[in-house]
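J.: There's a structure below that I have some questions on.
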Amino acid sequence: MDLVYGLVWLLTVLLEGISGQGVYAPPTVRIVHSGLACNIEEERYSERVYTIREGETLELTCLVTGHPRPQIRWTKTAGSASDRFQDSSVFNETLRITNIQRHQGGRYYCKAENGLGSPAIKSIRVDVYYLDDPVVTVHQSIGEAKEQFYYERTVFLRCVANSNPPVRYSWRRGQEVLLQGSDKGVEIYEPFFTQGETKILKLKNLRPQDYANYSCIASVRNVCNIPDKMVSFRLSNKTASPSIKLLVDDPIVVNPGEAITLVCVTTGGEPTPSLTWVRSFGTLPEKIVLNGGTLTIPAITSDDAGTYSCIANNNVGNPAKKSTNIIVRALKKGRFWITPDPYHKDDNIQIGREVKISCQVEAVPSEELTFSWFKNGRPLRSSERMVITQTDPDVSPGTTNLDIIDLKFTDFGTYTCVASLKGGGISDISIDVNISSSTVPPNLTVPQEKSPLVTREGDTIELQCQVTGKPKPIILWSRADKEVAMPDGTMQMESYDGTLRIVNVSREMSGMYRCQTSQYNGFNVKPREALVQLIVQYPPAVEPAFLEIRQGQDRSVTMSCRVLRAYPIRVLTYEWRLGNKLLRTGQFDSQEYTEYPLKSLSNENYGVYNCSIINEAGAGRCSFLVTGKAYAPEFYYDTYNPVWQNRHRVYSYSLQWTQMNPDAVDRIVAYRLGIRQAGQQRWWEQEIKINGNIQKGELITYNLTELIKPEAYEVRLTPLTKFGEGDSTIRVIKYTGEFHCGFEDGNICLFTQDDTDNFDWTKQSTATRNTKYTPNTGPSADRSGSKEGFYMYIETSRPRLEGEKARLLSPVFSIAPKNPYGPTNSAYCFSFFYHMYGQHIGVLNVYLRLKGQTTIENPLWSSSGNKGQRWNEAHVNIYPITSFQLIFEGIRGPGIEGDIAIDDVSIAEGECAKQDLPTKNSVDGAVGILVHIWLFPVIILISILSPRR
């Protein structure tokens with residue numbers, strides 16, 4: 001019978017890799033973390049939460065399955081905001097954040113997708129724990145008026161510390177611990193509105209013994225090994241809130257370039273207040289010099305102006321604040337305009353009519369601004385015909401007007417207005433305005449051949465509007481056909497000569513542009529306008545810009561190049577070329593595309609085909625790479641236990657892959673396999689012959705042997721067809737000599753339930769277990785002590801009956817085939833933790849099943865009875881001669897208090913340490929070496945057939 005099973009297993013091995021179908025699979029994902037979470041000893045989480053101390057290193061790994069290999073992306077959300085790691089997602093399996101800060105806590109998502117099905121997404125919440133230094137503030141009601149809330153002499157000490165998790169506060173007076181009710185003169189309470197953020201110590205009607213040293217201790221109960229923090233405050237009869245005085249004027253008006261010093265002194269407060277300077281808007285200038293309460297600004301500028309405040313704080317009462325405003329003198333933006341007689345509908349200046357000249361500047365401070373008027377260099381005073389006024393600052397600040405009533409010929413000349421500040425130190429601004437018979441309003445025209453303007457994309461162009469008149473005003477340019485910004489980003493651009501220069505013209509800049517006169521430095525009349533049309537020509541935009549076409553020989557291919565947009569749209573011509581060889585030319589009629597067919601591909605037809613579509617502005621190009629190269633192989637990363645631990649210093653690796661789109665090109669006849677040790681330069685290569693056609697999704701297997709432990713290797717795989725080499729794929733294989741399962745992931749490390757038993761094992765954690773669980777049995781945490789960690793257990797409550805079995809099957813573990821007549825089989829140390837607590841504990845058995853023996857199970861380990869409320873560890877040496885499987889069998893005892901649990905199952909190469917093994921081969925011991933002679937011929941045959949596909 002054993003021989004029959006052996007032959008069946010051998011047939012299965014021979015078929016593996018030859019007919020492997022269906023390995024394409026959508027992604028699955030799970031998140032694991034390095035290190036132990038520092039958990040709170042409270043069962044308050046029903047979701048995946050990882051806790052870490054601020055300043056430590058967070059390392060999360062996204063473990064994925066699926067074929068082809070899924071692409072991974074990490075993202076993070078916190079509340080409604082999304083944080084993508086400084087606007088760049090993390091695209092590898094491991095997310096590592098060194099020196100993590102509190103704002104980096106939140107929910108982290110791992111997204112895996114490979115184009116099959118929906119993306120797989122898992123998340124984990126990261127809680128960053130921290131405790132800041134506590135701060136004590138004091139508020140007192142001593143001497144308050146009777147209408148206030150508190151009538152007695154009362155002091156409130158408030159302690160606040162930022163923390164996560166919530167902080168617990170305690171108070172001491174000297175060495176005495178203060179508790180609510182321990183002293184009638186002391187009350188300790190939390191305000192309703194603070195939600196545990198603070199704890200207030202109220203000293204009612206101060207007594208002599210209340211003048212003492214008070215200490216506030218903030219604690220998070222040593223979570224994440226965060227120590228308690230303490231702050232002290234001495235309360236005395238001199239304790240008082242701060243008061244200060246500024247030894248400067250308000251406001252302070254200074255000239256640019258001067259140095260200014262602000263002095264702030266304390267006039268009261270116990271303990272001694274600390275002094276800080278702030279600015280009402282923005283930060284303090286970098287050049288300032290601070291010395292206690294003295295602030296010095298050397299070489300002040302207009303940017304340094306503003307309100308500066310001195311704040312005194314000693315945590316008693318409210319901080320004291322005094323402010324002063326610094327004003328830096330400035331004169332800028334001098335301009336003028338001429339207004340003709342408003343009572344006549346005429347924009348010209350005429351003898352006998354009124355004319356007004358206006359000057360405007362921006363002045364700081366505005367109250368120091370003065371204007372002086374001159375005619376031909378001589379001072380001008382206000383008179384009946386020459387009226388000098390200043391406009392209301394609320395209407396037009398910094399503006400002066402000269403009204404010339406009944407203009408005469410003798411009034412022609414140059415008028416000058418001079419703006420100055422009374423405080424001096426600032427250069428005056430002079431504005432000259434000429435009034436004469438040649439002073440006429442402006443006129444705008446567009447020179448011939450300057451509209452429409454035709455240019456090409458990327459060129460530099462100048463738009464011109466010719467302005468006449470005296471004086472010539474500023475010209476404003478804007479878009480006339482749409483509300484979009486000008487090239488400099490503003491809605492209007494100024495020009496003093498009427499020219500608008502645009503560098504690197506783009507097609508979006510085509511359209512109508514408006515030039516118009518400004519009222520400044522000219523006549524205050526209705527603006528003159530003109531329009532200039534800009535036409536930007538650009539070469540055709542085509543698709544596809546590049547397309548790779550893979551086809552085998554003797555097959556047909558048709559390439560198509562389509563025009564998306566172009567200007568001018570007619571006349572368009574096209575050229576098809578293979579390299580430098582001209583294949584076809586033509587002209588577009590009504591169609592928007594051109595095609596080039598290849599009826600039967602041959603070696604000389606492969607190459608890069610270029611289709612150029614041409615207009616006056618240039619050419620757009622479609623490129624087609626026609627090739628017979630095979631697509632890259634797709635390495636299969638989900639091979640379970642691909643490492644064979646065969647001999648002491650070397651190992652073998654089961655390399656598996658599928659071929660992407662195998663039917664796209666000619667049949668793949670072989671693969672070139674390259675392998676090199678990580679960090680080395682030289683590749684060792686060999687060919688793997690392929691017989692027959694490869695099917696889509698077919699899993700191909702090749703065994704790499706004689707790999708040196710524990711080195712990693714780079715493996716390169718290149719498909720070969722009659723065309724030649726295809727695309728290569730490279731991956732790294734690593735030696736992993738140990739299997740470990742803590743049952744934390746969703747698929748419980750590929751353990752499965754036995755269909756032949758009476759009931760199933762259950763994945764459980766203390767935090768998620770049913771609130772109606774049976775007391776006095778089962779673990780209170782997983783093996784590591786975490787209430788959020790998972791384990792597997794059997795629930796023995798009703799309707800379970802005595803003697804019923806639950807069986808849990810491990811995945812199949814592979815070992816390397818070897819000569820059975822050689823040295824002793826490789827040894828493995830099998831270990832696990834078990835929990836057997838309760839007065840009705842039954843039996844826990846472990847069996848070893850070798851591949852091919854579907855009915856024979858060899859007892860490996862057994863234990864029964866109550867072992868106490870603790871996790872115990874078992875170690876067993878096993879010596880399998882072929883692939884094997886482990887079976888955990890839990891048998892229900894006589895009552896409901898009989899829950900059995902297992903956790904942290906490990907299989908490591910080599911024998912267990914002697915101190916870990918049981919002292920005798922009892923019921924709790926290990927079974928001896930397992931050898932099955934009937935498998936020897938099968939193993940030899942497998943060795944001969946390897947490597948295989």
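For all residues, glycine too, the Cβ spot is worked out from N, Cα and C.
Feature list, courtesy of Swiss-Prot:
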CARBOHYD  N92  N-linked glycosylation site
DOMAIN    134-232  domain 'Ig-like 2'
CARBOHYD  N213  N-linked glycosylation site
CARBOHYD  N237  N-linked glycosylation site
DOMAIN    242-328  domain 'Ig-like 3'
DOMAIN    340-436  domain 'Ig-like 4'
CARBOHYD  N434  N-linked glycosylation site
CARBOHYD  N443  N-linked glycosylation site
CARBOHYD  N504  N-linked glycosylation site
CARBOHYD  N610  N-linked glycosylation site
CARBOHYD  N703  N-linked glycosylation site
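Could you place these features in context, so I can see how deep they sit and what lies close by?
T.: When Cβ atoms from all protein chains are considered, those within 10 Å of N92 (N-linked glycosylation site) total 12, not counting its own.
As a summary of secondary structure, the domain 'Ig-like 2' (134-232) carries 9 helix, 44 strand, 46 coil according to DSSP.
Take the CB of N213 (N-linked glycosylation site) and look out to 10 A: across all protein chains shown you find 13 other CB atoms.
Close to N237 (N-linked glycosylation site) in the fold, though at least 6 residues off in sequence, lie Y211, each with a CB less than 8 Å from its CB.
Mean predicted confidence for the domain 'Ig-like 3' (242-328): the pLDDT average there is 93.
For N434 (N-linked glycosylation site), the same-chain residues lying six or more positions away in sequence with a CB closer than 8 A to its CB are G413, T414, Y415, K470, P471.
When Cβ atoms from all protein chains are considered, those within 10 Å of N443 (N-linked glycosylation site) total 12, not counting its own.
Residues within less than 8 Å, Cβ to Cβ, of N504 (N-linked glycosylation site) and separated from it by at least 6 positions along the same chain comprise G458, D459, T460. Mapped onto three states, the DSSP output places N504 (N-linked glycosylation site) in coil.
Within 10 Å of the Cβ of N610 (N-linked glycosylation site) there are 18 other Cβ atoms, across all protein chains.
All protein chains shown were included, and the count of other CB atoms within 10 Å of the CB of N703 (N-linked glycosylation site) stands at 19.
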J.: Between N703 (N-linked glycosylation site) and N443 (N-linked glycosylation site), what C-alpha distance do you get in Å?
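T.: Just about 89 Å between their Cα atoms.
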J.: Out of N92, N213, N443, which of these glycosylation sites is nearest N610 (N-linked glycosylation site) by C-alpha distance?
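T.: Closest candidate to N610 (N-linked glycosylation site), judged by Cα separation, is N92.
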J.: About how far apart, in whole Å, are the alpha carbons (Cα) of N443 (N-linked glycosylation site) and N92 (N-linked glycosylation site)?
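T.: Pair distance, Cα basis, whole Å: 66 Å.
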J.: Per DSSP, what is the helix/strand/coil residue tally across the domain 'Ig-like 4' (340-436)?
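T.: Helix (H, G, I), strand (E, B), coil: 6 helix, 48 strand, 43 coil.
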